[in-house]
């Protein structure tokens, strides 16, 4: 599961000043187009978690294949986000968003028509690349359209993101079980077409064209390729190493990732020193609160994404649930995320950083109950995990909306844009690592075809590790600013 955190307090700080432009006349229709494009990304990031077993049955593949269906998308999205926002600055946000949307829809069609697992995985990567082109433009367009009234847009944006973040598996279960026109699992990708085409037509008509393209900006494609290489060196051995018995090359790749990512940091510093446009604003790393925020993002989003994949696999591969029954078993999680996202809008201004600790406390409590249930002698029924997953979802949803605004709370205004974009990239990279890491833990203790008892043991290990990661995030959160940027 991959998620988008709405640019609430952080962007309000730099965009919603008294001298901000007046609201755009057709801003609410424009917001609908932006929301539709954003929802496409959020749903597709997590929608394969429930559909993956059906895909494997049809197209074949291994346990690693199930992990790559999710990790390939989020890895491409993470790397693409490093340059996606810059494209909007260079060529105009509306134009770039619509181009990204067209590419995303074409890749969705390719996913739905894939005749082999290799074709599907390649199309998923292309989906992630075009999502990285499309998604960053939406946040800038909201600033352009709403001006000083951005808070009204984000009041709608936040809860919808909280719901969509975890709704992917539920939607997937409904679609696969419905088997519309005999499409089976393919419908989870084909359903993007009507929603995306509607967003495309509406966006072309109502989104503002924006200012002329910025002059003098250049894309650092070399830096993006180095970052991609470093991430691949980490992910490939995590996903493939277990099935192959951890050969020497898998260890060598992990070791090699360190100097490659170091080279990326060096090239960015060099570009900044020579006055060229860099992918990241290195000055933000001098702020301890921001580096704590990076650590929080990696731990938090890595844990929730990996846990989501493992729970979906547990219900289907371990207990033999069909896609619909598995999605029903996870539905309370989605409901909780929606409730938590809505509640945080009122709590965050009063509690500041404390809302993160409150959310993490609820998550830990819910996870602890899930861990105990996975250790029971009998397998849980369809609704058995619902109360605990509801509490876990509420806590998780409370964190989504205010998180980025709190993390950038100590930064200067000119650093916020780059810092928020970098956080989004780390967020998606963490999601890919979470799928690879916790997915490997699950399949390390459960062989496809194993019984319910074996699956429960594997799921309990994942739940226990997720508890530990959530507690770690709770501690890391003490290093974050006490208030969001707009609350200072």
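Any Cβ shown, glycine's included, is placed from N, Cα and C.
What TrEMBL records for this protein:
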TRANSMEM  28-52  transmembrane segment
DOMAIN    30-485  domain 'Major facilitator superfamily (MFS) profile'
TRANSMEM  96-115  transmembrane segment
TRANSMEM  121-142  transmembrane segment
TRANSMEM  154-176  transmembrane segment
TRANSMEM  188-207  transmembrane segment
TRANSMEM  219-239  transmembrane segment
TRANSMEM  245-266  transmembrane segment
TRANSMEM  327-348  transmembrane segment
TRANSMEM  355-374  transmembrane segment
TRANSMEM  389-409  transmembrane segment
TRANSMEM  430-452  transmembrane segment
TRANSMEM  458-480  transmembrane segment
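Put simply, of 96-115, 219-239, 245-266, 355-374, 389-409, the stretch with the most CB pairs closer than 8 A to the transmembrane segment (430-452) is 219-239. Within the chain, the transmembrane segment (28-52) has long-range Cβ neighbours (under 8 A, six or more residues past its boundaries) at 1-4, 66, 69-70, 73-74, 77, 97, 100-101, 104, 108, 124, 127, 131, 134-135, 138, 141-142, 145-146, 153, 156-157, 160-161, 164-173, 175-176, 185, 188-189, 192, 195-196, 198-199, 202-203, 206-208, 305, 308-309, 312-313, 316, 323, 326-327, 330, 431.
Two recorded stretches are said to be in contact when at least 3 C-beta pairs lie under 8 angstroms, sequence spacing 6 or more; the transmembrane segment (458-480) and the transmembrane segment (355-374) meet this definition. If you look at the transmembrane segment (355-374), the same-chain residues 6 or more away from its ends with a CB under 8 A from one of its CBs are 307, 340, 344, 347-348, 380, 384-385, 387-399, 402-403, 406, 456-457, 459-460, 463-464, 466-467, 470-471, 473-474, 477, 480. Remote same-chain partners of the transmembrane segment (327-348), defined as residues 6 or more beyond its termini with a Cβ less than 8 Å from a stretch Cβ, comprise 9, 50, 155, 158-159, 161-163, 165-167, 169-174, 308, 311-312, 315, 321, 355, 358-359, 362, 382-383, 385-387, 389-402, 405-406, 484. With a threshold of 8 Å between CB atoms, the same-chain residues lying at least 6 positions outside the transmembrane segment (245-266) that come near it are 223, 226-227, 229-231, 233-234, 236-238, 282.
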